Amino acid sequence: MGDWEFLEKLLDQVQEHSTSIGKIWLMVLFIFRILILGLAGESVWGDEQSDFTCNTEQPGCTNVCYDKAFPISHVRYWVLQFLFVSTPTLFYLGHVIYLSRKEEKLKQKESELRALDDKEQVEQAIAIIEKKKLKLYIQEDGTVKIKGALMYTYLTSVIFKSIFEAGFLLGQWYLYGFVMTPIYVCERVPCPHKVDCFVSRPMEKTIFIIFMLVVSLISLFLNVLELIHLICKSMIHALKKYSQYIPANRYPKNEDTYPEKTSETATAPFQDKSYIYLPMNENISYPQYKMPNEQNWVNFNTEQQLAISGNTQSPLGHYSLSAFLPVSPKTHSTVEKASTRASSSASKKQYV
């Protein structure tokens, strides 16, 4: 009775900490496998060896032929399959129990810290404990979220369950096939020749074999479906976690690419300026103007000639003082007229 209570608690733990597909798989495992196998397996396969007869009186021939026909009993083979398939789930359940015990220790330590008087140290220690609790992914009602290391454990258990299911299906096909033949031809020592052996209730056993085959295929399908579900869930969680690190305005919209002109952009390094574009032509002719220094030399030579003509006695090299002395109005007007004429003639020569 105590063993059944322990098994019931174990099943409750597995049911509580599994996905929806995992719960369906567990129901298929225990209802359609263990229950059916326990109730009908014994009645169908109870006379498996006693009713296996061969048409020979050679001692030991029937036993060796039975051993060759059935290396392992179907019922024992299915029990072994159940043990292998359920073992990864037990490992996952052990991880869940470990996390639950760890959370209980953290809660106990937190309650002990709250009883202390030093508030600062207590708050720091409680903050550290809360961070550790968050890493355990345990909710307030005691259920564990399948995240982090627990997700990898659950994913590994589903992978191994799928491998075991497929392996046992291949093993059953290799050992027995999926149809129970009524006559088995045996040729083995110590049988003197080929011996015909007869199986009891072959049709009933064939139906039972096909039923267990369908249950195994359903279990394998659920495992593969749950594996795809977990992989998609992990990818979505990783994408959401990655999108949190990308800034929202990393890629601005087209209308936000170029900011509007405001007073704040007056000191920007690049400002909009208006330019006048002149048409360019290869045959453009520009007027010939003298440079300012050439014009100054012309004016200087003209004034020098006027000074020489006005005062022949004092050359240019000896009138340094008289050149800066005040001139009478009459003389000034004469010089001005002469300079005007000279400049006009020079201008005419220039433009000619």
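Count begins at 1; order follows the chain as displayed.
Quick reminder: no glycine exception, Cβ is built from N, Cα and C everywhere.
Listed in Swiss-Prot for this protein:
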- 2-23: topological domain 'Cytoplasmic' (TOPO_DOM)
- 24-46: transmembrane segment (TRANSMEM)
- 47-76: topological domain 'Extracellular' (TOPO_DOM)
- 77-99: transmembrane segment (TRANSMEM)
- 100-153: topological domain 'Cytoplasmic' (TOPO_DOM)
- 154-176: transmembrane segment (TRANSMEM)
- 177-208: topological domain 'Extracellular' (TOPO_DOM)
- 209-231: transmembrane segment (TRANSMEM)
- 232-352: topological domain 'Cytoplasmic' (TOPO_DOM)
- 332-352: region 'Disordered' (REGION)
- 340-352: compositional bias 'Low complexity' (COMPBIAS)
Leading contact stretch, 24-46, 154-176, 209-231 vs the transmembrane segment (77-99) - CB distance under 8 Å: 154-176
Counts by DSSP class (helix H/G/I, strand E/B, coil) across the topological domain 'Extracellular' (47-76): 12 helix, 2 strand, 16 coil
Same-chain residues at least 6 beyond the ends of the topological domain 'Extracellular' (177-208) whose Cβ lies under 8 Å from its Cβ atoms: 40-41, 44-45, 47-48, 51-56, 58-62, 64-66, 68-69, 74
Chain residues in Cβ proximity to the topological domain 'Extracellular' (47-76) (below 8 Å; excluding those fewer than six residues from its ends, i.e. six or more beyond): 37, 41, 175-176, 184, 186, 188-192, 195-201, 205, 208-209
